[in-house]
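Pulled from Swiss-Prot, these are the features on record:
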- 1-26: signal peptide (SIGNAL)
- 27-127: domain 'Phytocyanin' (DOMAIN)
- N42: N-linked glycosylation site (CARBOHYD)
- N73: N-linked glycosylation site (CARBOHYD)
- C80-C115: disulfide bond (DISULFID)
- N88: N-linked glycosylation site (CARBOHYD)
- N101: N-linked glycosylation site (CARBOHYD)
- G141: GPI-anchor amidated glycine (LIPID)
Amino acid sequence: MARFTVLITAVVLAFLMAAPMPGVTAKKYTVGENKFWNPNINYTIWAQGKHFYLGDWLYFVFDRNQHNILEVNKTDYEGCIADHPIRNWTRGAGRDIVTLNQTKHYYLLDGKGGCYGGMKLSVKVEKLPPPPKSAPVKNIGSVSMVTGLAQFMIPVSLFAFPAMWDVISRMW
């Protein structure tokens, strides 16, 4: 009986894992790719073509003794002014993450002078786009073929697999 319970549990878990999961995951961007957060890199070009969505992360790698990550307003961003940051994202390790948890424009710069060498990044964070609409399923009567098939196959498989397992295990 214990094997039967374990088998039922395994089958149910297999079905749950095989079920389609929403394709919504946060993405981690390493700022500057393999050049990281350093002077003389054009971060505007790095950000081009990327879509930043709510929940994504910006991962900064830098020398913590020479640089930092400050969030500022647009005016301070344009003038490389770090006197009144909105937020200091630096945690001291030189491996810091900015979580994009609001739909807004983020203006980030190095407040230790690196901004004048190009160490500034502006990203616009958007809401996730809606999932693509699936193709319409032809209905037969009031129940679609796919729904009817799923309603039939899941209960049948829940009982068929354990029965097959029992037969196979008795043969050995």
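Keep in mind that glycine also has a Cβ here, set from the backbone N, Cα and C atoms.
Values in this document were obtained by computation on a predicted structure and should not be read as measured data.
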Minimum Cα separation from N88 (N-linked glycosylation site), reported as the residue among recorded positions N73, C80, N101, C115 that achieves it: N73
List of residues, in chain order, with Cβ under 8 A from that of N73 (N-linked glycosylation site) and at least 6 apart: I86, Y107
Proximal but sequence-remote residues of the same chain as C115 (disulfide bond) (Cβ under 8 Å, at least 6 apart): C80, A82, L109
Cβ neighbour count within 10 Å of C80 (disulfide bond): 18
DSSP state at N88 (N-linked glycosylation site), helix/strand/coil: strand
Residue distribution over DSSP helix, strand and coil in the domain 'Phytocyanin' (27-127): 18 helix, 32 strand, 51 coil
Length of the line joining the Cα atoms of N101 (N-linked glycosylation site) and N42 (N-linked glycosylation site), in Å: 24
